[in-house]
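Features as listed in Swiss-Prot:
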SIGNAL    1-17  signal peptide
REGION    47-117  region 'Disordered'
DOMAIN    50-88  domain 'Collagen-like'
DOMAIN    117-334  domain 'Fibrinogen C-terminal'
DISULFID  119-147  disulfide bond
REGION    123-162  region 'A domain'
DISULFID  126-154  disulfide bond
REGION    163-251  region 'B domain'
CARBOHYD  261  N-linked glycosylation site
BINDING   270, 272  Ca(2+) binding site
DISULFID  278-291  disulfide bond
BINDING   290, 291, 292  carbohydrate binding site
SITE      308  site 'Mediates specificity for sialic acids'
REGION    325-334  region 'P domain'
């Protein structure tokens, strides 16, 4: 190879655009001389890169690669919406019978059942309460034969206790000059004076024998009493007629036997044996005859009084001109 030829070729190579592929202006290609032997030498000129040629045709797809190793488990995704309810499955076989449980508590009673139980097992009188160990005088609930509850004053101190008080006068705070309906239903104040009611008196005395005790106290504090073997009051259709037993004893004497078998009289219903209304005449309400030997529902007067027989009088005690400070009528089953 001749040198002039090489340099001429070299000049042609230097004619390549200086801007090709981002070459800076004035940049020269590198020239390297490679010795091949003693006589020949080859000059290698690294010229600027040419413009890229058009893309070649798409090659054939390669053979599939082998399955790679399993990657790490990803985090769980969000819960999807609930699906529709499926059809119930078939009933499974019965399970093994369990062990017997403990005995349960007794069932609670309803209002009616509780009321019936209290009626059947509850006290029927103050005497009944006494036999159950109640020894204090006071107000208690007993049950009538028709199972209705009734609050009564029980005297647990006098004459062995067990007395049901149905009439009480102590201070004049209650007016006892009342009509038929008032005496039928009862009236007064639990803490002071009262009449229990003729309907209740009938129910309390209709079955079994009831003895009667009358306790009196004058304004000097002296007490006296009268006691009868039995006491019974009929129903309203018979005008609450009094049926009285034998006078047994008492320092006050017997001022009630005269009124035996008499009907009850008030100022608006006259059932006595007098041509006039004894209740209106003597300002009370009682089993008047013609008219009375006792009038414990009369006016509350302060001891001796000039008026005749219109106070809380007990004839065989201090007469018809003396009104007692305290009067109590009470019954007890015998």
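Glycine is no exception: its Cβ is also placed from the backbone N, Cα and C atoms.
Note that the coordinates shown come from a computational prediction; the quantities given were computed from them, not determined experimentally.
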Cβ atoms near residue 290 (carbohydrate binding site) (within 10 Å, other residues, all chains): 12
Residue 270 (Ca(2+) binding site) CB neighbourhood, other CB atoms within 10 A: 16
Near-site residues: carbohydrate, ref 290, 291, 292, CB cutoff 8 A to centroid: 272, 273, 274, 278, 282, 288, 289, 293
Nearest of the recorded positions (154, 270, 308) to the residue listed as 'N-linked glycosylation site', judged by Cα-Cα distance: 270
All-chain count of other Cβ atoms within 10 Å of residue 126 (disulfide bond): 25
Pairwise Cα distance for residue 147 (disulfide bond)/residue 126 (disulfide bond) [Å, integer]: 16
Cβ neighbours within the same chain of residue 272 (Ca(2+) binding site) - under 8 Å, at least six residues apart: 262, 263, 265, 278, 279, 288, 289, 290, 291
Fewest other Cβ within 10 angstroms of its own Cβ, chosen from the disulfide-bonded residues 147, 154: 147
Those disulfide-bonded residues listed as 119, 278, 291, and which of them has the most Cβ atoms within 10 Å of its own Cβ: 278
Chain-internal residues near residue 292 (carbohydrate binding site), provided their CB is under 8 angstroms and they sit 6+ positions away: 258, 259, 278, 282, 286, 309, 313, 315
Count of other CB atoms lying within 10 Å of the CB belonging to residue 261 (N-linked glycosylation site): 10
